[in-house]
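A.B. asks: Pasting a structure below so you can have a look.
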Amino acid sequence: MDTSSKENTQLFCKSSERPLGRPSLTTECSSSKEKQQCCGELKVFLGALSFVYFAKALAEGYLKSTITQIERRFDIPSSLVGVIDGSFEIGNLLVIMFVSYFGAKLHRPKIIGTGCLIMGVGTLLIAMPQFLMQRYRYEKYSPLSNSTLRISPCLLESDNQLPISVIEKSQSKRSDGCVQTVAIIGPIFGFLLGSLCAKLYVDVGFVNLDHITITPKDPQWVGAWWLGYLIAGLVSLLAAVPFWCLPKSLPRSRSREDSNSSSEKSKFIMHDQTDYKTPLGEKSKIMEMARDFLPSLKNLLGNPLYLLYLCASTVQFNSLFGMVTYKPKYIEQQYGQSASKANFVIGLINIPAVALGIFSGGIVMKKFRISLYGAAKLYLGSSVLGYLLFLSLFALGCENSDVAGLTISYQGTKPVSYHERALFSDCNSRCKCSETKWEPVCGDNGITYASACLAGCQTSTRSGKTIMFYNCTCVGIAASKSGNFSGMMGRCQKDNGCPKMFLYFLVISVITSYTLSLGGIPGYILLLRCIKPQLKSFALGIYTLAIRVLAGIPAPMYFGILIDTSCLKWGFKRCGSRGSCRLYDSNALRRIYLGLTVMLGTVSIFLSIAVLFTLKKNCVSKHRSFRTKREGTMVSTTIRKENYTTSDHLLQPNYWPGKETQL
């Protein structure tokens, strides 16, 4: 007995030898206890594994929900945020080969536990910049007290007074259904956690919140993005604990030992309490395994059905990864929603629709016993219908906000073309304003100005967290009525029809997510059945690697690069370099975000059609060969029967020619 068997024997009840013949009552009782203990250990393993899936999915979902928060906190463009998001997959690729090779030979539970520890520590490290960097700074006009003291935001050239400070600095089968279901629940909690943390100020616990003059609706608001990473990291560390208490393998119950066959799942988890004999392939040298690798890869990639499905899935996941990564940003910029609300609707509405779609696809496949060709048609149909529904989102966007000098002229009469964009006008020419500042002010004429200075405001007052500006000369130019030409800190709300458009967007988005997810299980079954059984593990590994390398890493990057091209107003760091985008062109953002998603989806649909035709061609050729073979078999069988009948007649003692006729 080897070391692993001895370890299992010590941890589990020792199996007593069973006498020949009828088993005694004591043996039956011990067998029953052993079976109960085995089932108990298996349930612990499945529960712990489900919790690991939940922890990993929680971290991934929360990462997606903090994209816009990280962008504003560190003043970086969307393209760089895409690199950060893609680096999550890069970290997985660094260890996936080693884990795949050594996973089956070493202590599986401890390997999983080690992975949880690394994942937990890595998640905690993501939050470290919050504690190593200075507190978040945002630029605001801030009267010293809740008074009616009038201060001039617009410093005229003839004035000799110093300008007011515009910087407020903060103080320093059932088991498989179980695991996959929990993995889907993880992103739901991730986005909901992101929604909760987005409502808390970034430096909560470090500064006096009474001195904070911005609200979650303010474009400069940054939530406590780091708090969720601490929670997700602790959850991952907690998930590692049970695996350090589990043995290397679970003992097989006596009923399983007596049976001649067992499922692949049971073989993966449980081993016999006998000397472990490695297969011949595992005893081969590394060079011999390497020589077998290339022929297997060539055999796999030489399968046109597998190769086409791999390409179709890779392109489709490019579409889905890019869409999900920047969906919170799209909701914020297109419909004027806060980061908290964007994460809330994604976590509570969209992801459950995806889970329901995957579950429904599995039910349909099982209930109607759909064939492989039917699975391919269901996979294609769900993609076609899903992207057709996605096309309707082009009509459900909101127009650009009226921003003086960027989307509309200071007179408020016409849109501004790209070469005509200018933040300076005659109404603010006497003010010493900065063109790089983004401190939006909503005038009472419904137009947003980049700052109170650029709005030509002469005085300001503060009441609580509300800052009002008066005698704004630029507001008076575009005002339709006489008044004091005032403005309030913050951007103006989108047009009145935008909330209704946002509601329609949510409905179509939920239906689209459900429809696209219907093809998940049929596509997975198509992947498993189109390859040889001995290449299934290798094929799944190549599939996962391709999705991570060719979709998970590049999609957020080039989506972010293209989204940056729709920026109207860039922020600038204190060192003078370009920071994050302050204002997007809603129409351009809608065309880029939705158009790129639909374009990639269309390419995947054409590849899926090629998969369907290839599968149909293979089925027809196999059917013809089968018919030919069957007809040949029937002909030979008929000839043999006739020969047997003739010989039987000839062998009969009372037989003579012409007997049947006479009778």
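Including glycine, each Cβ sits where the backbone N, Cα and C put it.
Feature list, courtesy of TrEMBL:
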- 421-476: domain 'Kazal-like' (DOMAIN)
- 80-99: transmembrane segment (TRANSMEM)
- 111-132: transmembrane segment (TRANSMEM)
- 178-202: transmembrane segment (TRANSMEM)
- 222-246: transmembrane segment (TRANSMEM)
- 305-324: transmembrane segment (TRANSMEM)
- 344-364: transmembrane segment (TRANSMEM)
- 376-396: transmembrane segment (TRANSMEM)
- 501-528: transmembrane segment (TRANSMEM)
- 540-563: transmembrane segment (TRANSMEM)
- 592-615: transmembrane segment (TRANSMEM)
A.B. asks: For the transmembrane segment (344-364), I need the partner stretch with the highest count of C-beta pairs below 8 angstroms, choosing only from 111-132, 222-246, 305-324, 501-528, 592-615.
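C.D. replies: Looking only at 111-132, 222-246, 305-324, 501-528, 592-615, the most contacts with the transmembrane segment (344-364) come from 501-528.
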A.B. asks: At an 8 Å Cβ cut-off, counting only pairs 6 or more apart in sequence, do the transmembrane segment (305-324) and the transmembrane segment (592-615) clear the bar of 3 or more pairs?
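C.D. replies: As far as Cβ distances go (cut-off 8 Å, pairs 6 or more apart), the transmembrane segment (305-324) and the transmembrane segment (592-615) touch.
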A.B. asks: What residues in the same chain, six or more past the boundaries of the transmembrane segment (592-615), come closer than 8 Å to it by Cβ-Cβ distance?
C.D. replies: 304-305, 308-309, 311-313, 315-316, 318-319, 322-323, 326, 330, 372-373, 376-377, 379-380, 383-384, 386-387, 390-391, 393-394, 526, 530, 559, 562-563, 565-566
A.B. asks: Report, as numbers and ranges, every residue of the chain located at least six residues beyond the transmembrane segment (111-132) whose Cβ falls under 8 Å of a Cβ in that stretch; write 'none' if there are none.
C.D. replies: 49, 52, 55-56, 59, 74, 91, 95, 99, 102-103, 202, 225-227, 229-230, 232-237, 239-244
A.B. asks: State the residues, same chain only, that lie 6 or more residues beyond the ends of the transmembrane segment (540-563) and have a CB under 8 A from a CB inside it; answer 'none' if no residue qualifies.
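C.D. replies: Sequence-distant neighbours of the transmembrane segment (540-563): 77-83, 85-86, 88-90, 92-93, 96, 100, 297, 300, 310, 313-315, 317-319, 321-322, 325-326, 329, 527-528, 584, 589, 592-593, 596.
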A.B. asks: Quick check on the domain 'Kazal-like' (421-476): DSSP residue counts for helix, strand, coil, in that order please.
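C.D. replies: Across the domain 'Kazal-like' (421-476), DSSP assigns the residues as follows: 7 helix, 16 strand, 33 coil.
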